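What TrEMBL records for 27-46, 58-75, 81-103, 115-135, 155-174, 195-212, 232-253, 260-281, 287-305 is transmembrane segment.
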Amino acid sequence: MLLVLSAGTVGTLLGRLYYDSGGNSKWVATLTQSGGAPLLAIPLLLTRPSPADERQPAASKMAAIYVGIGVLLGFDNLTYAYALQYLPVSTFSLVAATQLAFNAVTSRLINAQRFTALIANSVVVLTLAAALLGVGSSSDDDTSSSNVPRDKYPLGFVLTLAASAIFALVLSLFEAAFEKVVMARTTRWVLRMQLHTNLVATGVGVVGLFASGDWRTVPEEMETFRHGRARYVMTLVGTAVCWQAAAVGTVRLIARVSSLFANVTGAVALPLVPVFAVALFGDRMTGVKAVAMLMAVWGFLSYVYQQYLDGRREAAGKGDAECCVCAARTPSDTDTASNA
């Protein structure tokens, strides 16, 4: 959860810094979201090897999972890269909350997620928070303070929604892969899944970078970067590292709990990003955003309370089961056990 919150917040801010400082390549921004995958080889080598008798899924199935999810991640990263350029970072982060609503649908259809009134309330409130931003976007004047073209604002809003839907699908596919194919939830498998899918996504980004011709503009972009060549490299490297850390935390939560819980955890970062954006990029904290932030917190607390109730119910169920086992032992059973 700490990785998802801290790394996700910093990664979003660094992505905005790249554009505000003169960066303009969508494919470079796309690569930063998956290009740090080779770094995962280090913790993977340090984890304990799998036992020799551990069940191993078919290589053909895993290859299909890696390629399928990786390609989706590659296009999702590209969509997010465009969206982040066309929206102020605070608005982008809050509109991205709709991925929780999309994830609720995919979790129900793909993962058979159980829904209660509190979970439904959480999803609806977070979705309404993003919709509130969309309604108030015409009067939002913070685009001028963060170098975002006003005529691209509606496009950025639509692209963020599309990227959120794709990402929600990816999370549910990760959960289905762990449950039905991998059938293991160890840290080693989390790193494997993250490493291979992101390598495929990186391949998509590299192909797009060269096919679009954006690679020719990288030297010039580096020279004209507002904070110099060194800051250009540091910004891209820092963004790549942050997104990998956030992704590992997300996949770990999916493996241990569920994709919906991982998504809800990511929603906790919503109140954090706009606060930093106001200080770092000059975004204005409007009344609409303030209300949307409060609704996001309300939605998250609603889901957390449902998790609390589920935990109490599960603990009570275990206690009742133990009582039933004790009650099932008759006096004759006890005497027989004593004689034995």
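Yeah, the Cβs are placed from backbone N, Cα and C, and that goes for glycine too.
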Long-range neighbours of the transmembrane segment (195-212), counting only residues six or more past its ends (CB under 8 A): 25, 27-28, 30-31, 33-38, 40-41, 44, 62, 65-67, 69-71, 73-75, 77-78, 244, 247
Folded-back contacts onto the transmembrane segment (58-75), same chain, C-beta under 8 angstroms, at least six residues removed: 30, 34, 166, 169-170, 173-174, 177, 181-182, 193, 196-205, 208
Chain residues in Cβ proximity to the transmembrane segment (232-253) (below 8 Å; excluding those fewer than six residues from its ends, i.e. six or more beyond): 1-4, 6-8, 10-11, 14-15, 17-18, 21, 23, 28, 31-37, 39-40, 171, 174, 187, 190-191, 193-194, 198, 221-222, 225, 261-262, 265-266
